[in-house]
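Trainee: Got a structure for you, written out below as C-alpha cells; questions coming shortly.
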Amino acid sequence: MRKLRQTGTTIAGGQTLFQSPEEGWQLYTSAQAPDGKCVCTAVIPAQSTCARDGRSRELRQLMEKVQNVSQSMEVLELRTFRDLQYVRSMETLMRSLDARLRAADGSVSAKSFQELKDRMTELLPLSSVLEQYKADTRTIVRLREEVRNLSGNLAAIQEEMGAYGYEDLQQRVMALEARLHACAQKLGCGKLTGVSNPITIRAMGSRFGSWMTDTMAPSADSRVWYMDGYYKGRRVLEFRTLGDFIKGQNFIQHLLPQPWAGTGHVVYNGSLFYNKYQSNVVVKYHFRSRSVLVQRSLPGAGYNNTFPYSWGGFSDMDFMVDESGLWAVYTTNQNAGNIVVSRLDPHTLEVVRSWDTGYPKRSAGEAFMICGVLYVTNSHLAGAKVYFAYFTNTSSYEYTDVPFHNQYSHISMLDYNPRERALYTWNNGHQVLYNVTLFHVISTAGDP
C-alpha cells in the first residue's frame, strides 16, 4: 500500500484529491500548518484572474455598455416596427385613394377633384420618405443582430480570460471550501510534532482556573465556559460566543449543586465533567437541564492533593476528550503514584479500560490526549516542552522533545480540543490557545 507522509506544510508525496480539467484546478492533500490550520495544495490555472484584473474590469465595462446598447436598440426596434406598420397602412390607403380618384374622375366636380388632387400631390413626397424609413428599419434590425453577436463573442472572451462575476466567483470559493473540508476530513489523526506560539485570548480571573468549548458541538455552536479557581467553586459562566467571552458580555451563570476540585474539567456533548471536591467522584452536569445526570466514584483514584500535578491545586483528577472519546487521567496507590489513563463511558461514567503509563504524576506539569495518545509536559518549568508520550493503542511509550512557549510562567490547565485541533490553557490568569501540528500517514484511496 502506497502511503504519503506529511508534516507541517511539507509534502513528501502527492495525492490528487480533486481535479477539474475544464477549469485547470488540481487539489492535493497536505498536513496542518504551524498555525494549526489544515493546508491543501491547490494548483490553479496558468491564466490567473489576478494578473488580468485591469483588462477584466475593462471587459466587464464594455459588456455592460454593449448590453445597454442592445437593450436600447430592442426598444427602438419595437417602436419602429409599430410606426412602420402604421406608415405602411397609410401608404396602402394613399394608393387606394389615388386609384379611386382616377376612377371617379368624371363623377365629381372639377373644383372638388382639383382639391383632392392637390392634397394627393402634397402627400406624394412621403413615398420616398417611407422607402428611406423602411431601409432604416432594415439597418436597425441588422445592427441589432450584430450587437447580439458581439455580446456573445465578449461573453466567450470573458469566460476564456477568467473574468468571472461575483456570483460565479462566490460559487467557486464555496466549491473550494468544500474540497478543503474533505481534505481536512481525510487527514484525521496524527502524531504531535509541533506546538505554535501562544495566542492570548483574554486576561481574566485568578491565577488558577479553566475555560473550554464543547468538543462535540456543531461548528455553529461557539459557546465558551469559564470556571475561575481550583477548589470549592460552583459558579460556571457560559458565554454565547468566543467574541462575547473576549468582551465579557452575553453570558449566563450555572450554579453547580456540588463544588469542584482542580482545573481538569471538560465539556463534552452538552455536559460538564468534573471532580467533586474532597472526593474521587466524577460528576456529569447537563447544562440545558441544569441538573446532574450521573455521578460515580473512580475506583482507587487519589484526591484532595494526594496525587496532583507538580503545581498542586487539587489536580488529582484530569478529564480529557479527544477524537475517540472521554478519558480520565489520575493516580492510585496501587499504581504507586504513576499516571493511570482510563477510557470512560460518557453515559454511565464506568471505566471501559485502563492503562498504567509508568510515569510519576507528581513529575508532570500537565497532560493532554490526542488520538488516543497521552502527552505529558513539564509546563511547570521555564523551558516548557512535551517530553513524554504514552500510546494506548500499543500500550507503549516514548520520550519526545516538542518545545512550546510558557509565556506567563504558570500553566494550571492544559487541554486539547479535537474539534478545533488546539490546546486550551489557563496561564497565570490568562486564557491562551496553542495550535498544534500533527504528523499524518495517509493511505491513498484505491490502494490495497
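Any Cβ shown, glycine's included, is placed from N, Cα and C.
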Trainee: Which of these ranges is annotated coiled coil in Swiss-Prot: 130-187, 362-419?
Mentor: 130-187
Trainee: Fewest neighbouring Cβ atoms within 10 Å: which of the glycosylation sites ASN393, ASN435?
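Mentor: Per-residue Cβ counts within 10 Å for the glycosylation sites ASN393, ASN435 bottom out at ASN393.
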Trainee: In terms of DSSP three-state secondary structure, what is the assignment for ASN149 (N-linked glycosylation site)?
Mentor: helix
Trainee: When the Cα-Cα distance from ASN269 (N-linked glycosylation site) is computed for each of the recorded positions CYS189, ASN304, ASN393, ASN435, which gives the smallest value?
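Mentor: So, of the listed recorded positions, the one sitting closest to ASN269 (N-linked glycosylation site) is CYS189.
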Trainee: Select one residue from CYS189, CYS371: among these disulfide-bonded residues, choose the one with the most other Cβ atoms within 10 Å of its Cβ.
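Mentor: Top count of Cβ atoms within 10 Å goes to CYS371.
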